[in-house]
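Asks: I have a structure I would like to understand better, so I am pasting it below and will then ask my questions one at a time.
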Ligand SMILES: Nc1ncnc2c1ncn2[C@@H]1O[C@H](COP(=O)(O)OP(=O)(O)OP(=O)(O)O)[C@@H](O)[C@H]1O
């Protein structure tokens, strides 16, 4: 079919669909909402409300794709229009627009050309047929802007599968991550549509769409399992508030609301409302992200690694078990001579009758039981004066007796596992069984605890203790948990979360090559995979990178390979752009060179630009220097809550997860980026933030991470 006639055909179809949607929507809007008690009316109202929601969502861009599919039983192929919201047809029953999450819509994503049959998984089993046409459509505010056929069985010309994707990838970005429903790729679709009760672990290169895919997966799960799961019971755990702000548009764009989005720290602190606050980590960060000199040693004794380990978790479980065993004190309760509630009895209640409850609940139950026992004993006292006197004394005695029972808060309990003094020998054999707390960990912890402060790695242990004491109530259980940037999570955190999620329903995603927080993160995905049974987990890799041009990806790959020879290399989609610009400048003219590059970029098409520096301190100084040059940029520091877009100055370790049309990576010299794994990961993160344009600047000797990068994708320019 020729483009002109295809366009005409689609124009007519769009007019028809839009008119139908507008008419139907206004009909529905004229029906008042029902708030009465009649069940049938309530159901009808809810159906109307869903239809109103879908039709409003579909008004401006009713669909983005068309697939002509013929099953063997059909005489001719059916035209399936795929959109963000399903729209049912009134009379024929054939949907006017099919929701992108519906089983048949998966064909649109999984079919990548070829003469052979295609199939999809319907509720009643696999359905096979032939695809005749796959067409992408761009509609904005009911206006048809673009028609691209990516497959046509009746055409002689070969399929242009990637044309539409490249068109989308070439667009500039604003300050928010966007949905990708119209261009989801087959390997991404597979992950999005994976079964609910599986712990998915995804290793994906920078820009492979991990975050985006995880968000689409949530929308898919809500659609596919709508009877079993609720949005309020799903949670996304991301590294910081600014990142959450950056991704906050995707779910509303997909018509999904109410999913909890937070950081692990905020989630835990909400529960541990226990007078504790997080210790300031700026010194730690400064030490870890400083350049040159010796890096702090990262072994399994480092605080984050140690406290995030499963052996520490086992030790805490052991301490909780000891606590439980000795919970009921040895002494009987004897309110007056001759009346005795024995310790044995109380132990029986505590350890047997109430064993299914968490510890503090058991304590509450035993207390109620003692009070009832006391009432009965008092009732047997005939003389009212004696009874009165006994009651008074017994109440007093019970109060005193009750004080001998444990009343620990999670913090008090956790703190008691550490030595009392920072100078004391780190070993704490009493409560932690065989496990010795390394001296440096004990020292740092004790100093913080004294000020009622804890480190982020203390939160998972404290949550485990909290759960042992108070249990996990319904409000804290989830139908699904997403962990983004999971390479920075610990096995303890994931194991803890597993207690909060039903049926191990997880999406865990990250990139080991971006593991710049090695002092707390994992070394291999096996550390998480081993937490789940083989049948309950799945591991995916995403190797194609969609964010950056081919030149930028090849450059970033070279940087990574120079620092970590066996790291997974990103495979670029064939989107060619400008070469990476390498610029050697005079040390004294650093600001001047950056300003000139910025002025050049600002006069070009880029709408988001970042200058990526090495440390927070250096970025702060540069930010001030730029202000003196009348260049106003947003300084991204660890406290920032919102990502504004426009021009940003950002230290490389805080750029993770973000993306910009153009990036200027400054100070790419030998001093700032050494030839080691850590610096290679940092520089890799920095380079892979750029979508279309990457500038790399240095004074003096270039870092050996960028030495020898190929002229095929690098252009050396004069400062
Ligand atoms: N199928 C796709 N179609 C269009 N754009 C895509 C597709 N997949 C990913 N992208 C785009 O690629 C960019 C990177 O996506 P995303 O941030 O989700 O990747 P990531 O793997 O989480 O990256 P990183 O690990 O580097 O933070 C985004 O701009 C996203 O919109």
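Even glycines carry a Cβ here, placed using N, Cα and C.
Just lifted these from TrEMBL, have a look:
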{"type": "BINDING", "residues": "204, 205, 206, 207, 208, 209, 210, 211", "note": "ATP binding site"}
{"type": "DOMAIN", "residues": "183-549", "note": "domain 'UvrD-like helicase ATP-binding'"}
Asks: Within 10 Å of each Cβ, count the other Cβ atoms, then let me know which of the binding-site residues 208, 211 comes out lowest.
Replies: 211
Asks: With Cβ-Cβ distance below 8 Å and at least 6 positions apart along the chain, what are the contacts of residue 207 (ATP binding site)? List them in sequence order.
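Replies: Long-range Cβ contacts: 545, 546, 547, 548, 553, 570, 659, 688.
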Asks: Give me the long-range Cβ neighbours of residue 205 (ATP binding site): same chain, 6+ apart, Cβ under 8 Å, in sequence order.
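Replies: Same-chain residues close to residue 205 (ATP binding site) (Cβ under 8 Å, separated by 6 or more) are 511, 513, 542, 543, 544, 545, 568, 569, 570, 571.
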Asks: Take the domain 'UvrD-like helicase ATP-binding' (183-549) and average the pLDDT across it for me.
Replies: 91
Asks: Taking the mean position of the Cβ atoms of 204, 205, 206, 207, 208, 209, 210, 211 as the ATP site, which residues outside that list, in the same chain, have a Cβ no more than 8 Å away, listed in sequence order?
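Replies: For the ATP site the neighbour list reads 511, 542, 545, 546, 547.
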Asks: Counting every protein chain present, what is the number of Cβ atoms, excluding its own, within 10 Å of the Cβ of residue 209 (ATP binding site)?
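Replies: Cβ-Cβ neighbours of residue 209 (ATP binding site) within 10 Å number 25.
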Asks: Less than 6 Å between Cβ and the nearest atom of ligand 1 is the rule; apply it to the binding-site residues 204, 205, 208, 210, 211.
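Replies: Cβ under 6 Å from ligand 1: 204, 208, 210, 211.
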Asks: How many other Cβ atoms sit within 10 Å of the Cβ of residue 210 (ATP binding site)?
Replies: 25
Asks: What number of additional C-beta atoms lies within 10 angstroms of the C-beta atom of residue 204 (ATP binding site)?
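Replies: Cβ-Cβ neighbours of residue 204 (ATP binding site) within 10 Å number 27.
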